[in-house]
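Peer 1: One structure, pasted below without further comment.
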Amino acid sequence: METKDESQQPVEQLIANRRAKLDALREMGQDPYPRRFRVERSVSEARSLYEGLSAEELEKDPPVVRLGGRLRAVRGHGKVSFADLSDGLGQIQLYVKKNDLDESAWLVFKQLDLGDFLGVEGPVFRTRAGELSVAVKELTVLSKALRPLPEKYHGLADREARARQRYLDLLSNPESREVFEIRSKAISSIRRRLEAAGFIEVETPMMQPIPGGATARPFVTHHNTLDLDLYLRIAPELFLKRLIVGGFERVFELNRNFRNEGISTRHNPEFTMLEFYWAYADYELLMDFTEELISGVVEEVTGGLEVEWGGHTIDFSRPWRRLKMRDAILEYSDLTPDDLVGRERMEKAARDLDVQRIDERSDGNLLAELYEMTAEPLMINPTFIMDFPRQISPFAKSCPDDPETVERFELFIGGMELANAFTELNDPDEQRRRLEFQAAEQGGMVDEDFVLAMEHGLPPTGGEGIGIDRLIMLLTNQSSIRDAILFPQLRPRE
RNA sequence: GGGCCGUUAGCUCAAUUGGCAGAGCAAGUGACUCUUAAUCACUAGGUUGGAGGUUCGAUUCCUCCACGGCUCACCA
């Protein structure tokens, strides 16, 4: 459909300009979207390969390269043009000289826009300014871009656009690309370290008939043929423990969980969790292993053990502090040991700290809430908070000297909960009682099939979950989980 | 869900005690055979997020809505 110049909106004008060039290319017999263009190496590979060579060395024996990439800048200079060809990671300058090209190739070059993909071939040399460049002899359009990219210098700044059109963010903001490169490296490092420690990676159901292993509202879906409501998992825990029953002694799963709760700078409805289960381990051993695993990843990915995050310097060097929950409350508040004894005194302490809905909470929940209100935000360097109330820990084994307290820890870094682990309860009768108590308290279902598995014998086991997105936040100095996830959940436009 | 803040050209940003909405990049035309945020000249580009209201006049003030950010609540 032809539109009149007057009625055209600005973007549409820009698109129309590009479409006109698209048509021009076709008229010249150039396919703007050809099938293939085989490159010998990427732009950044070529760059690192020839970067060390001087102008003289290149001149003596000029290497001919064949590269594909996106056109990111053109500096026209009459019958000569300089251009930047990018592979996303790095770029190399193109030197395009009218006299060195077929006339048709020069005309093709004139129909290019910033953002187009093109393939080039030619010898590598250095310009007088010393810039490594390809003297283009052949030039092919590989994909014509119909819309303009964000500005080359400032990139894309609008936070909403950056999340909605992540490809533009990645293209134009190198620091954003770096976040996700670090994410990839960190996850790969975690996998390698677990495998080196004898763990095997497994996959367990994401769609579960009874969502268990955590307390959170699940997403519901429906299987038509079975006519069965299924829940997206809130944790893989109960399936991983079935595998320990089945004789896999060290298993891990590094994948998505789904929780139908609020969205915040620390919560995304789908998030990546590492869970691992280790037969014959207990929570003490898990703390040692967690220190080793995370500090190893931090060092491998950042090159050191100190990380700048949210205005703090976080020191990951070992050993990390281990503090009982009760002691953490006492250390980081004005409360005394007496304030934590008995329902009445704890309620008073909670009221003084503005804890909401106090009467709905169990004693154990109240204690955990006191911790959250006092010490938690101050746990900047890695700190294990140990020994949780039994009432809020249905899968953890009690401490030998105190049945109301369990062998459980959470790891806090930068004031965030990063990991949660315990010596797994393996007494099936006790497990059934705990799940029934939990179901009665909070609603929910008892996973009898899980208890059945445990009745066949679960060895002493340590199990842990680590929030990967939050770890990435720490590694990349991001204050919001949205900036550590490529496509975070957003409300649909319009 | 509550409170506060934001939304101006494709992108990055200005501006108005309420009085013709402006720049850089990108785009178009022209000049230019070593530039690199190339340069120079000219041109075009706007329903100031949307809908109402107040006003002679609203981009600016008010109300509602949409989306986003921060924060509290909810929630591990």
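Counting starts with 1 at the first residue shown.
Cβ atoms here come from the backbone N, Cα and C positions, even for glycine.
According to TrEMBL, the protein has these features:
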BINDING   A:Glu410, A:Glu417  Mg(2+) 1 binding site
BINDING   A:Glu417  Mg(2+) 2 binding site
DOMAIN    A:180-492  domain 'Aminoacyl-transfer RNA synthetases class-II family profile'
Peer 1: Tell me the coarse DSSP state (helix, strand, coil) of A:Glu410 (Mg(2+) 1 binding site).
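Peer 2: DSSP call for A:Glu410 (Mg(2+) 1 binding site): strand.
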Peer 1: Of A:Glu410, A:Glu417, the binding-site residues given in the record, which has the fewest other CB atoms within 10 A of its CB?
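Peer 2: Counting other Cβ atoms within 10 Å of each of the binding-site residues A:Glu410, A:Glu417, the minimum falls on A:Glu417.
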Peer 1: Need the DSSP three-state call for A:Glu417 (Mg(2+) 1 binding site) to compare against my parser.
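Peer 2: Note: A:Glu417 (Mg(2+) 1 binding site) is in a strand by DSSP.
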